[in-house]
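*Asks:* Here's a structure for you.
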Amino acid sequence: MAQNNVYLILFLCLMFLSYSQGQVAEEDFPLAEKDLPSAKINCPEGANAYGSYCYYLIEDRLTWGEADLFCQNMNAGHLVSILSQAESNFVASLVKESGTTASNVWTGLHDPKSNRRWHWSSGSLFLFKSWATGAPSTANRGYCVSLTSNTAYKKWKDENCEAQYSFVCKFRA
């Protein structure tokens, strides 16, 4: 058994050496990375792709709970979870480019037990934070989170969950 492993290692070393010296052509490796088909993300009309998800801005104004339920009924999604600065920039751009006049747009971030422990409605881990100055508020506590137009939709503010805002749904492509 050990002898077979030695032969395998020797073979792999020789192949690597030959390849690195240009003696083995790329055509000898039919499944080279450049030949693999790229994954095309198909989102429904009106939705935009980012990563492996589709994002859909809904301009109708609903409460946070109604908005999340709407997203769940739409392709088994949730209100948008924003997990990185890059995703935050994408969502902000999506909202701005829509031409919406909404001053606030719901995200999926909420505090379901009103104890200042924030959770994404999708179940994603809450690691990335982008709170607006003074948020979350200690004086005017809200338990649902929106993006605000006065921060170009890049910063978060805690709001009353019964307020009615436009929202962004996020679902797997």
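Note that Cβ sites are derived from N, Cα and C of the backbone, with glycine treated the same way.
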*Asks:* Could you tell me which of Cys144, Cys169 is bonded to Cys161 by a disulfide, according to Swiss-Prot?
*Replies:* Cys144
*Asks:* Based on the record in Swiss-Prot, give the one of Cys54, Cys71 in a disulfide bond with Cys43.
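*Replies:* Recorded partner, per Swiss-Prot: Cys54.
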*Asks:* What is the disulfide partner of Cys71 among Cys13, Cys169, as given in Swiss-Prot?
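*Replies:* That would be Cys169, the partner Swiss-Prot lists for Cys71.
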*Asks:* Do you know which of the disulfide-bonded residues Cys43, Cys54, Cys144, Cys161 has the most other C-beta atoms within 10 angstroms of its C-beta?
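*Replies:* Max Cβ neighbours within 10 Å, all protein chains included: Cys144.
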*Asks:* Of the residues in the domain 'C-type lectin' (41-171), how many are helix, strand and coil by DSSP?
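*Replies:* In the domain 'C-type lectin' (41-171), the DSSP-based counts are 26 helix, 41 strand, 64 coil.
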*Asks:* As a test of reading the model: what is the averaged pLDDT for the domain 'C-type lectin' (41-171)?
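*Replies:* The predicted confidence over the domain 'C-type lectin' (41-171), as a mean pLDDT, is 96.
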*Asks:* Going by C-alpha positions, which of the disulfide-bonded residues (Cys71, Cys144, Cys161, Cys169) is nearest Cys54 (disulfide bond)?
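*Replies:* Spatially nearest to Cys54 (disulfide bond) by Cα position is Cys169.
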*Asks:* So how many other Cβ atoms are close to Cys71 (disulfide bond), meaning within 10 Å of its Cβ?
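*Replies:* Neighbour count, Cβ to Cβ under the 10 Å cut-off: 26.
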